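Structure first, then comments.
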Amino acid sequence: MGAAPRKPVDVPFGRNYVPTWAFDHIKYFNGESEIQLSLDNYTGTGFQSKGSYLFGHFSMQIKMVPGDSAGTVTAFYLSSQNSEHDEIDFEFLGNRSGQPYILQTNVFTGGKGDREQRIYLWFDPTKQYHSYSVLWNLYQIVFFVDDIPIRVFKNSKDLGVKFPFNQPMKIYSSLWNADDWATRGGLEKTDWSKAPFVASYKSFHVDGCEASVEAKFCATQGMRWWDQKDFQDLDSFQYRRLRWVRQRFTIYNYCTDRKRYPTMSPECARDRDI
C-alpha cells in the first residue's frame with residue numbers, strides 16, 4: 001500500500017530560504033508568507049534553502065508568470081553541490097499568450113541527466129496558486145502536482161542505475177530568461193516589452209532530514225515518516241492518477257524516445273513508465 005505525503009505546513013519564506021541573486025527583484029508580502037520574483041531584461045532572480053537535506057518532502061505553491069511568458073523559465077529544484085551532482089527538477093516553460101505552459105521534469109544522478117519528461121498541465125497555472133512537491137526517500141522520488149503524482153523515479157541501483165542517496169541537496173527556485181531553448185526549441189523569443197515578468201510563491205514547506213553538505217547519511221534514517229512502508233511505492237489509486245497524466249497530458253517521455261535511446265533505459269519499466 002502507498003499513501004499520500006503528509007500535508008504541507010505553510011511557513012514564511014525566511015524560515016527555510018534566503019535570496020541568492022538580484023535581491024532587489026524579490027518582493028515580500030504579508031510578513032513574508034508570500035513573495036514575488038521578477039524578471040526584466042537586466043536580470044532574473046532566485047532563492048535557495050538555508051539547509052541541505054538527505055530525503056524528505058519539499059513543497060511550494062507557485063502562481064506562474066501570466067500572459068505572454070514565452071522564453072521564460074520558472075524553476076523549482078533540488079541539487080547537490082559537486083561535479084557528479086544529483087538533481088531533481090521542476091521547470092515551467094513559458095509560452096505565447098493562449099498557449100499552454102509546459103512542465104518539464106528531470107532527474108540527474110551522479111552528474112547524468114537526460115531523463116526529461118514534459119507534460120501539459122490540466123489547468124491554467126497562472127490563474128491561482130497550485131502546489132508542486134517532491135517526495136524523496138531511499139526507495140523512490142515522486143513528483144506531485146496538487147497531490148497528483150506526475151512522475152516516479154524508482155531506486156534501480158540493482159539495475160545499474162544510480163540513485164540519489166548520499167549527497168545532501170539544497171532546494172532552489174529561480175525565474176530566468178532561457179529564450180535560446182525554452183519555448184518551441186528557442187524559436188519563440190522573450191518579448192521584453194511585456195516585462196517585468198512576475199511569478200508568485202507561498203507555503204515554503206520543508207520537511208527533510210537536514211544534513212551538513214559533507215554528510216553521507218541521515219542520522220535518523222529509517223525513523224522518519226517518509227521512510228515507512230506506506231511511502232516505498234505508490235498505491236493503486238496513485239498509479240491510476242499517474243496513468244491518467246501519462247495518457248492525457250504527456251508530450252515527451254525519454255522512456256519512449258527510440259531515436260534518442262534505441263535501447264530503453266532500465267529504470268523505465270520499473271517506474272511503470274512505458
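Just so it is clear, glycine is given a Cβ too, placed from its N, Cα and C backbone atoms.
So that you can see what the record holds, here are the features copied from TrEMBL:
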type: ACT_SITE; residues: Glu87; note: active site, nucleophile
type: ACT_SITE; residues: Glu91; note: active site, proton donor
type: DOMAIN; residues: 4-201; note: domain 'GH16'
type: CARBOHYD; residues: Asn95; note: N-linked glycosylation site
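Annotated pair the residue listed as 'active site, nucleophile' and Asn95 (N-linked glycosylation site), C-alpha to C-alpha distance, rounded: 25 Å. The residue listed as 'active site, nucleophile' counts 18 other C-beta atoms within 10 Å of its own C-beta, drawing on all protein chains shown. Note on Asn95 (N-linked glycosylation site): other Cβ atoms within 10 Å of its Cβ, all shown chains, come to 20. Across the domain 'GH16' (4-201), the prediction's mean pLDDT works out to 94.
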